[in-house]
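The structure appears below as structure tokens.
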Amino acid sequence: MTQKGSLKSVKKNKAEEPELEPLCCCEYIDRNGEKNHVAAFLCDCQDLDEGCERWITCKSVQPETCERIMETISDRLRIPWLRGAKKVNISIVPPLILLPIFLRVASWHFLLGVVVLTSLPVLALWYYYLTHRRKERTLFFLSLGLFSLGYMYYVFLQEVVPKGRVGPTQLALLTCGLFLILLALYRAKKNPGYLRNPASEDTSLGSHRTECLNRKGQKTKGFPGADVSGILNNRTPRDDQKGSSRSLAGSPTKAKEDWCAQCQLVRPARAWHCRICGTCVRRMDHHCVWINGCVGECNHQAFILALSIFLLTSMYGITLTLDTICRDRSVFTALFYCPGVYADYSSALTFTCVWYSAIITAGMGYIFLIQLINISYNVTEREVQQALRQKTGRRLLCGFIVDTGQYNRGFLRNWHQFSTLGTAPFQHPAEDIV
């Protein structure tokens, strides 16, 4: 009788609750919890009205007002979707709009090309240091990289292929290289080796098992967790493992260094806490803005593979393009001296895109070279930065090469260890155990 009465009361409560109206494709729930419409993008925004009024009257706008305006715009920038409009990250929009405009303006004249192609890396570096200082994740660089690949390929198809100098086999190779880059980036975007707190995992596991027991109809008396002693007993091996890892730390100073207060765990050797991602990463190399994530033990190989495929594909595309618009000249000569290239707008745009690709390729080539050197000496970028700050380790070529000596086992062994990352556990020597 009591069960039937409780079921009736639950049904009455559900009936009394007002049902929410389904959202159409252009409606959404804003940050204030109110229903809004995509068409009302610039409506009822007092901060925007105040900012426009102060801008018209030549008065300065407060930084807090600018932040509130950006928060409102980022909340209202949405696209129509099924069951409600979806939010669009505002950081992916500038590359989609500004990159084609800048490149087309740069193709009008040689001097404009010099100014624009010089300012683009400066603006990118400025935005990088701005977001890095605020410890914010951004999709700007990932959007810039992906859109640059797509736009360069579009210009190649529209301006270079119709000239008849590129054969089907060469076009197929370039297209395959583009798809391989996307596949390698997709693999590099996966889990780099995040470290999870064993206590939180055990808590979630225990709550899940408790729910399963209650669903099966088992009764609990007294304390709610009294009947799940087996779950509590299952926690002891991990707790012992956690305690043993603390005891392996050796000195109290070393244990204090390896204990992460944010993640509440003891980090293994070569693991670091990423302040941008907010979690610890196993064998962390660095946080890469181009993939909007960390490079660690599980995705370092895919990151190197993506860099190598990008460099090969980019250089191959640059060679095919320069061979088309600057005939009978070597690639290096045509890159710096191609007479008459600005006489035609099509060739000028293509030449500007070649220089843009060359700048991006040079930057990625520098990153790739640093990665090869670090792998050869078995050091991560995080360890290199720490050694430079603490003035430890052996430096070569004015600090371009840093050898900490802690994990260096020789060139072949270092590369063998890198080739087995994420596939099989590496047995560290006794002095490497933390």
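Just so it is clear, glycine is given a Cβ too, placed from its N, Cα and C backbone atoms.
Where the annotation comes from TrEMBL, it is an automatic prediction and has not been curated.
For reference, TrEMBL has these:
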DOMAIN    255-385  domain 'Palmitoyltransferase DHHC'
REGION    216-252  region 'Disordered'
TRANSMEM  111-130  transmembrane segment
TRANSMEM  139-157  transmembrane segment
TRANSMEM  169-186  transmembrane segment
TRANSMEM  302-322  transmembrane segment
TRANSMEM  354-373  transmembrane segment
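Between the transmembrane segment (139-157) and the stretches 111-130, 169-186, 302-322, 354-373, the greatest number of Cβ pairs separated by less than 8 Å involves 169-186.
For the transmembrane segment (111-130), the residues of the chain that approach it from at least six positions outside its boundaries are 102-103, 105, 138, 140-141, 144, 289, 352, 355-356, 359, 363, judged by C-beta separation under 8 angstroms. Confidence over the domain 'Palmitoyltransferase DHHC' (255-385), given as mean pLDDT on the 0 to 100 scale, stands at 90. In terms of DSSP helix, strand and coil, the domain 'Palmitoyltransferase DHHC' (255-385) has 74 helix, 16 strand, 41 coil. Under 8 Å from some Cβ of the transmembrane segment (169-186) lie the Cβ atoms of residues 146, 149, 153, 156, 161, 291, 302, 305-306, 309-310, 312-313, 316-317, 320, all in the same chain and six or more residues away from its ends.
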